[in-house]
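See below for the structure under consideration.
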Amino acid sequence: MTKEMTENQRLCPHEQEDADCSSESVKFDARSMTASLPHSTKNGPSLQEKLKSFKAALIALYLLVFAVLIPVVGIVTAQLLNWEMKNCLVCSLNTSDTSQGPMEKENTSKVEMRFTIIMEHMKDMEERIESISNSKADLIDTERFQNFSMATDQRLNDILLQLNSLISSVQEHGNSLDAISKSLQSLNMTLLDVQLHTETLNVRVRESTAKQQEDISKLEERVYKVSAEVQSVKEEQAHVEQEVKQEVRVLNNITNDLRLKDWEHSQTLKNITFIQGPPGPQGEKGDRGLTGQTGPPGAPGIRGIPGVKGDRGQIGFPGGRGNPGAPGKPGRSGSPGPKGQKGEKGSVGGSTPLKTVRLVGGSGAHEGRVEIFHQGQWGTICDDRWDIRAGQVVCRSLGYQEVLAVHKRAHFGQGTGPIWLNEVMCFGRESSIENCKINQWGVLSCSHSEDAGVTCTS
């Protein structure tokens with residue numbers, strides 16, 4: 001063993017130095033790697049620990065691989081050398097046995113002794129070869145480790161640069177996130193302000209709309225009252241016109257009577273002049289006397305004899321239109337006339353709209369109880385707030401020009417079926433009764449004894 005150690009030291013005097021150099025290079029690499037790490041980062045200690053553990057794991061892995069491979073290679077090479085040496089000795093012995101005679105067998109013992117010595121030398125040589133191969137492998141390993149350490153240093157430097165850039169980018173992103181959070185906070189504040197403003201505006205708008213609706217309802221009531229007053233004024237005007245017409249008739253009669261009396265007086269005066277004598281001579285014009293007091297009216301004289309019928313006077317003012325007379329009896333149907341020529345073919349007309357209002361129970365189609373068609377059924381209208389304007393709308397919707405009168409208390413008889421409407425408020429300009437202001441369809445607080453009716457101009 002001492003020989004082997006001396007031989008190893010002799011053959012490999014620099015092996016210990018290489019090991020020291022390799023350890024120093026490892027220390028230097030570790031120092032350089034630790035020195036190149038950033039100190040000012042927040043995640044510095046954990047990253048350095050990770051890199052140190054990574055280095056230790058790599059070094060242990062390489063040492064384990066070298067420790068396993070080197071003995072295997074040495075054993076294989078030793079077995080190959082032994083096998084070759086044995087083959088060579090056997091071949092030499094065979095050749096010597098065949099070539100030499102029996103006389104030389106005494107030298108075989110010497111040869112065997114030499115062979116054993118040679119074998120021992122061969123073993124020593126094998127051990128030296130193994131030590132050389134081991135030292136060579138160590139040298140190769142140290143070079144590879146240095147190269148690997150350099151490559152790892154470069155990679156680590158690149159990784160550190162990338163980490164620095166990542167850290168700077170993360171810091172920038174953090175700053176941008178802080179700015180974004182601040183802007184979001186300001187936006188939240190502005191949104192809260194906007195919500196408060198919108199709520200206040202909504203409250204104001206609701207109040208203003210409520211006030212406007214109240215004002216509109218008041219205006220509608222006023223308009224309704226004014227229209228009712230106007231309608232009542234129109235009715236009073238019609239009554240006044242009728243009274244004026246009657247007064248005019250009375251005045252015409254009085255004027256006729258006065259004319260007749262005037263004519264009678266003129267006739268009496270004519271008769272008196274016939275009885276008197278001839279006129280005397282005209283005397284001198286006397287002084288004008290004082291105006292006397294007006295005497296009392298004289299007693300009416302006796303009515304004289306009616307005179308001769310006078311000339312026809314001027315045409316007087318036309319009198320008022322009298323009430324319509326009773327309808328006459330229908331006349332006899334006349335004989336049919338000759339058949340006329342065939343007329344031209346007319347164009348296709350549009351579909352006539354279905355009537356939703358009708359008059360029932362009157363003397364004709366122009367008057368009767370007002371019935372309205374709704375939900376597939378005919379029903380009546382209650383007479384609450386039923387006035388001339390609603391009748392005007394009904395008459396116009398049926399094709400008549402004006403309304404003559406409106407009727408309440410089932411004037412044309414009580415209807416059947418549902419009572420659809422109540423308290424209908426119309427302005428008189430609507431096209432149909434459905435366009436008037438209607439509270440609801442279907443009335444339960446009214447009976448058919450209050451059905452409304454109307455009379456239109458025929």
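Note: Cβ is positioned from N, Cα and C throughout, glycine not excepted.
Per Swiss-Prot, these features apply:
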type	residues	note
TOPO_DOM	1-55	topological domain 'Cytoplasmic'
MOD_RES	SER32	phosphoserine
MOD_RES	SER36	phosphoserine
REGION	272-357	region 'Disordered'
COMPBIAS	326-339	compositional bias 'Low complexity'
DISULFID	CYS382-CYS446	disulfide bond
DISULFID	CYS395-CYS456	disulfide bond
DISULFID	CYS426-CYS436	disulfide bond
Please compare the disulfide-bonded residues CYS395, CYS426, CYS446, CYS456 by how many other CB atoms fall within 10 Å of each one's CB, and tell me which has the fewest.
CYS446
Once near-sequence residues are set aside, which residues in the chain of CYS382 (disulfide bond), 6 or more away, have Cβ atoms under 8 Å from its Cβ?
ILE419, LEU421, ASN422, GLU423, VAL443, CYS446, GLU450, ASP451, ALA452
Round to the nearest Å and give the CA-to-CA distance linking CYS456 (disulfide bond) with CYS426 (disulfide bond).
17
Restricting attention to the topological domain 'Cytoplasmic' (1-55), give the mean pLDDT.
47
If I restrict to non-local contacts, at least six residues apart, and a C-beta distance under 8 angstroms, what lies near CYS436 (disulfide bond) in its own chain?
ALA390, VAL393, VAL424, MET425, CYS426, PHE427, GLU430
